[in-house]
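Here's the structure, in structure tokens; my notes come after.
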Amino acid sequence: MPGRAASGSPGSPSSVGLKPGPDERSPIRWRILGLRETRRVALMALTLLPAVDVADGSAVRLVQGEAGSETSYGDPLEAALTWQRDGAEWIHLVDLDAAFGRGSNRELIAKVVRAVDVAVELSGGIRDDDSLDAALATGATRVNIGTAALENPDWVRRAIDRVGERIAVGLDVRGTTLAARGWTQEGGELFDVLARLDADGCARYVVTDVRRDGTLTGPNVELLRSVTAATDRPVVASGGVSSLADLTAIAAVPGVEGAIVGKALYAGAFTLPEALAVAGGAAAPPRGQER
């Protein structure tokens, strides 16, 4: 996902003890194909992040992020190792209890991060220096900040200054209103917050349509288009993916570099190898050159 220095180079994850991203290379790989002298199409590889959401020690999926809607899928560590065996280069790991402010699964989360050999994006309850430092100490490649970006913008600005590309900000949206505190409270207006975070130097965004998350009703492509039109930072899409065709639709949005996939994998709508095959060859135009 994030662009990375060459393996072993100063500042690269491998040189400072962090989990490296896949192949220590930029995750969006553009290969320009000369189909005709007058027309070129860029081939974009969409990075997939299979999700492992943890609540009360179990891997679960929620519907629209609502507490009490959990479906349990067993051991989070086994889920993460399964996605790794199936070819994942990234895992999106979430501590739901921390996100809802009802405790944490900190030790289990750290165990999962240590056990896998792929990049991990860690989310859930990261709202202050202590929780940020604990998340970074697990060795996660990147951490995703949500509620704090709405409730404590000054702290988020300082965190971005300190940590840089290891921070992504989650924009969890109902309509154009952001959701906070495990999606239980309303936050600010999407594009106002986006403009502020851009000015603060945020490196990337994880954009979730809360109403579609866990519903298998398809992604909100128009939301993704509106966000990528408003920022030049890369976007990771989340919420609603139900089919391989949905992944192709997401990849066709310039500025989207990845997609989080959860319920569709757990429900067997498709396999991760099938999804990776589609994501690895999804045709999309470069930003600003949409057909």
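Each residue, glycine too, has its Cβ placed from N, Cα and C.
Its Cβ taken as reference, Asp53 (active site, proton acceptor) is surrounded by 26 other Cβ atoms within 10 Å in the chains shown. The annotation active site, proton acceptor is assigned in TrEMBL to Asp53.
Taken from TrEMBL, the feature active site, proton donor applies to Asp172. Of all Cβ atoms in the protein chains displayed, 26 besides its own lie within 10 Å of the Cβ of Asp172 (active site, proton donor).
Look at TrEMBL and you will find 1-20 tagged as compositional bias 'Low complexity'.
The annotation region 'Disordered' is assigned in TrEMBL to 1-23.
Here the CA atom of Asp172 (active site, proton donor) lies 16 Å from the CA atom of Asp53 (active site, proton acceptor). Annotation note: Asp172 (active site, proton donor) sits in a strand segment as assigned by DSSP.
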